Amino acid sequence: AASRLRLSGLCFLLQILNILLFAVFARYNPESSPSHCPPQLDCSQRNQDSRFQQPRFWDVHIQVLLSFGLLVAFLGRYGQGSVAISILITAFAIQWAVLVQGFFYFFLNGKIYVGAQSMVSAEFCTAAVLISTGVVLGRVNPVQMMLLALLEVTVCTLNEYILLSLMGVRDSGHSLTVHTFGAYFGLMVSWVLYQPHKDKRKREEQQDTGNQTDVFAAVGTIYLWIFWPSFTSTTTVLDNAENWAALNSYFSLVASTVATFILSPVLYEESTPRMVQIQDATLAGMAVMGMAGEMLVTPFGALIAGFLAGLISPLGFRFFTPVLRSRLKIQDTCGVHNIHGLPGILGALLGTLLTLLATADTYGDRLELVFPLMAQGSRTVTDQVLIQFSALPLTLLLAALGGCLTGAVLKIKVLRSPPDAQYLENTVLWEVKLGNC
């Protein structure tokens, strides 16, 4: 009863807070047509609403809510409850992200001007939160999950503002600001929350999967294939740059999937990969194209990047995850480090390398779309390369600091339950018998 009341009370307080803040600050775009962003607002790193098409928002929303929800459904004993909590986190994080991002990007004359692109930006920030929750799934209660979302949205927005607006980093598909940040933020929270007596008991339970969970993974994989190219190309500067991002994403996706069929039978006893492994490879192939998608990757370059990302995922599960657990005391429930973290780092390094090729001869008219400061002559290729490269350690630093701070908050005694009570609480809120699915 106490745990139910804590969750109910926290949700009530946070929702009332959002309503009051929206009432005081949030307004729709004052222009009669949503096609113009007021010149005083910082819209330099986002599509104007005039470039926004409603199907893009649908694609991003479906990707965040459905694909990420089905990603956590593979846990046999925690699947249904995990999906329910992911919906709660999404519902809250979108509201909070619109407000926090609004103060950074869309604030003018004491008001936050909300447009279609505000929602898309909030969805991306929510995706980072969902990635982080995949690390600690089953090890924290819903109250802690909500507080994690509250804190992470704030730090994620700060990281994005520093990188995209202040430094001028190009990361349209969010290799750094979503995949890398979300993964390492969650890993640091998990490290701070490590409890040997509980983690040892729950490790086998969390990985308990059944045949019906492969069905969830199959549906999630199909949705990833359909909608992820729109996810990576939604925030390209102009429609002219969207084609590159979508096509590069598709090439990376197909190569990463084939790589899984090559490596998984070698590492595991199954003759063909399970659907969960194929889903992981799909995510890895998309994460690696986040920064480089709108750049001059070329089809064969996208195939190579996707192939490498498809190899990283099963190798990470086979060799690196046990090291994280035994040596670093980091329990990663959904293998987020292998699916989002390492491919995100690879994508950031690939984007930095491709920036070296960003000249008027190689890019032509597209140089102004992808690297406007370089096209205007206010920034050299060397400067942009250094900025792109420095964005990676800065993101890791902010994710680590934010994750440690959040973990310390979640570890406060009043938010935790004794081990036995915590086990029963999670049983009520999360566990579903396989025969009833």
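Note that Cβ sites are derived from N, Cα and C of the backbone, with glycine treated the same way.
Here's what TrEMBL has on this protein:
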TRANSMEM  7-26  transmembrane segment
DOMAIN    56-414  domain 'Ammonium transporter AmtB-like'
TRANSMEM  60-76  transmembrane segment
TRANSMEM  83-107  transmembrane segment
TRANSMEM  119-138  transmembrane segment
TRANSMEM  145-164  transmembrane segment
TRANSMEM  176-194  transmembrane segment
TRANSMEM  215-238  transmembrane segment
TRANSMEM  303-320  transmembrane segment
TRANSMEM  341-360  transmembrane segment
TRANSMEM  385-410  transmembrane segment
**Q.** Recorded stretch that, among 7-26, 83-107, 119-138, 341-360, 385-410, has the most CB pairs under 8 Å to the transmembrane segment (303-320)
**A.** 341-360
Q: Average the pLDDT scores across the domain 'Ammonium transporter AmtB-like' (56-414) and report the rounded value.
A: 83
(Q) Does the structure show the transmembrane segment (145-164) and the transmembrane segment (341-360) touching, where I'm treating 3 or more Cβ pairs under 8 angstroms (sequence separation 6 or more) as a contact? (A) no
Q. Which residues, given as numbers and ranges, are at least 6 beyond the ends of the transmembrane segment (176-194) yet have a Cβ under 8 Å from it?
A. 124-125, 127-136, 139-140, 148, 152, 155-156, 159-160, 163-164, 169, 287, 290-291, 324, 328-332, 336-337, 339-341, 343-345, 347-348, 391-392, 395-396, 398-400, 402-404, 406-408, 410-411
Q.
Which sequence-distant residues neighbour the transmembrane segment (341-360)? Criterion: at least 6 residues beyond either end, Cβ under 8 Å.
A. 170-171, 173, 175-176, 178-180, 183-184, 187, 283-285, 287-292, 295-297, 305, 308-309, 312-313, 316, 320, 367, 370-371, 374-375, 381, 384-385, 388-389, 391-392, 395
